[in-house]
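From TrEMBL, for reference:
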{"type": "BINDING", "residues": "ALA320, ALA321, ALA322, PRO323, GLY324, GLY325, LYS326, GLU344, ASP371, ASP390", "note": "S-adenosyl-L-methionine binding site"}
{"type": "COMPBIAS", "residues": "7-21", "note": "compositional bias 'Basic residues'"}
{"type": "COMPBIAS", "residues": "26-36", "note": "compositional bias 'Basic and acidic residues'"}
{"type": "COMPBIAS", "residues": "37-66", "note": "compositional bias 'Acidic residues'"}
{"type": "COMPBIAS", "residues": "72-82", "note": "compositional bias 'Acidic residues'"}
{"type": "COMPBIAS", "residues": "114-127", "note": "compositional bias 'Basic and acidic residues'"}
{"type": "COMPBIAS", "residues": "537-565", "note": "compositional bias 'Basic and acidic residues'"}
{"type": "COMPBIAS", "residues": "587-596", "note": "compositional bias 'Basic and acidic residues'"}
{"type": "COMPBIAS", "residues": "611-642", "note": "compositional bias 'Basic and acidic residues'"}
{"type": "DOMAIN", "residues": "228-517", "note": "domain 'SAM-dependent MTase RsmB/NOP-type'"}
{"type": "REGION", "residues": "1-133", "note": "region 'Disordered'"}
{"type": "REGION", "residues": "522-642", "note": "region 'Disordered'"}
Amino acid sequence: MAANKNKQAKSKNPPPRKKQRSQLFAEKKRPTKKDEAFDDFSDDQSEEEQLEAAEELLDGDEEVSDFGDASDISDDDDDAPLADDFLQGGDGDEDKDSDSTSGSGSDSDESDIEEKSRAIDEQRAREEEDAQAEMQMNIKEESDEFRLPTKEELEAEQQRPPDLANLQMRIKDIVRVLSNFKDLRQEGATRKDYIDQLKMDLGSYYGYNEFLIGVLVDMFPVVELMELIEAFEKPRPTCIRTNTLRTRRRDLADTLSKRGVELDQLSKWSKVGLVVYNSHVPIGATPEYLAGFYYIQGASSFLPVMALAPQEKERVVDMAAAPGGKTTYVAALMKNSGLIFANEIREARLKSLTANLHRMGVTNTIVCNYDGRELPKVLGQNSVDRVLLDAPCSGTGVITKDPSVKTSKSLDDIQKCAHLQKQLILAAIDMVDANSKSGGYIVYSTCSMMVPENEAVIDYALKKRDVKVVPCGLDFGCPGYIRFREHRFHTSLENTRRFYPHVHNMDGFFVAKLKKMSNTKKNQVSLDDLETVEQSQRPEEIHSDEDNIKELEQPIKKQSTEGKKKSLRKNGLPGNGKVRSPPASLKNKERSENGKVESPTTSKKRKRKFPSKEEISKAREEKRNTMREKRKQPREVKKSGK
């Protein structure tokens, strides 16, 4: 009955009981024992409130129990297990209280985490402020103008050993100023002052002489100049060329890989090149090397032969062939057909040339030892299809291989090389037959970056011979100069190609390809060749008649001064040897070889005939001999009179 009354009371007033329950969990401390929980309830509340609370807890345990203890309660005896049920309900309350206390603990943990995160955020904010202040300080320091050293400071530096760290820092500062000269330049200082100081510092730091570093500064912007100089300090990749006369590139790569050589294809532009990254065996002493399966060759040396593009059954000349890398490549492209003349002027280098030809299996090559300038006389003019001229040069593009170039080259060396190169390229053009069905090409290349050795030589050839510059057939490379400082070159020189270490990761190189248009020569007789002791005739003043040509060719015999003047007057020349202007009656008409009178229009169509250099030199020599004999005659007369 009491239980029913309690249930009715519960059903009548559920909200207050819930409120009391919430107050109970809020005010109750975490109990450690069940009895302590019961005592706490008895102390704080009245008996009725305790009974109501116990019933409430019992009902809650029946509805939701964490441990499933409500199933053990007996329905027959409701009063007896009341205390146990209450205690069990206390256990549930304990668990719930523990949850609540853990929730409060989690709240405290969250507050601690928030405090730590705030501290971290504050620390980060302080670090960002410090970094910003440091950055502003660095910007302020960089914005400060760089001041060039004074004469006294430079003199003091010269007396001390070079401070490389100071030089490097000053070089960077000068490059930075020159890159933004308008804003960063020192007041009163000119660009020339910065350039001069940069030349001095670069020469001291990298070991260049004044001439070479001056030329490089004139050729490149300062930023690119630094990249080029740094590239000269690093070695180029080791490359090998597959000998297609003996093997294929794929088979060679597989064989060398098995021997511990790490390699890969050179590039898309080469079908035979391989680049070696690392090797556990000497790359120049493998059985494949000795058998002629490959040739160790720089990537830049592939380019002239690729530009030449020799065809099978042609006659090809390599004017400077040793040690044979390009010659063997030409033979491989020609598949050992046709004929190759491999010329080398230095006899000591013929051994390496012939050895490489035999090792690589070349059978269509004739080795000769001539001066390249004399080859047209030996092989004949207009007698070959193609000529490869890898001209001797200053070597300013291969400083990585030969660092002595930094200090050994001067302006005189460049001029001497350029003079020799001009003679060689004219000889190469004279050997090529313009009427060749498949050829008529000349490839000129150097391992130099100097403009006088490259573009100036090609421009000279364009003026002296009937040739034109054609594309090299190479998809990469920088175009050649058509203007450099005060020099102006033919616009077709854009078809030439320049290669740089800092751009293409190969040695500095220049390649030009010429096409011979006709076998005639421009300006065959120069003014120097026509100068004589007493006569100075211009080419346009020389008559095209046979009589005048014979007059220049025939030797001058011994004769007195009066007789010589008479003979000259008879031929229409005054006594002093100068050519008189033709009479007015002959101004509009000229006589041909057969005596017929031709109009000026028809005479212009006829080609003028000029004496050859040999004939002119022979005439000059005879003239000198006659003058020497004349000088001897008065001496003999004086001796006889005494």
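Using the three backbone atoms N, Cα and C, a Cβ is placed for every residue, glycine included.
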Find the average pLDDT over the domain 'SAM-dependent MTase RsmB/NOP-type' (228-517) in the predicted model and report it.
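Averaged over the domain 'SAM-dependent MTase RsmB/NOP-type' (228-517), the predicted model reaches a pLDDT of 94.
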A 10 Å Cβ contact count, applied to the binding-site residues ALA320, ALA322, GLY324, LYS326, ASP371: which residue has the minimum?
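Lowest Cβ count within 10 Å among the binding-site residues (ALA320, ALA322, GLY324, LYS326, ASP371) is ASP371.
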Across the compositional bias 'Basic and acidic residues' (114-127), what are the DSSP residue counts per state (helix, strand, coil)?
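Helix/strand/coil tally for the compositional bias 'Basic and acidic residues' (114-127): 14 helix, 0 strand, 0 coil.
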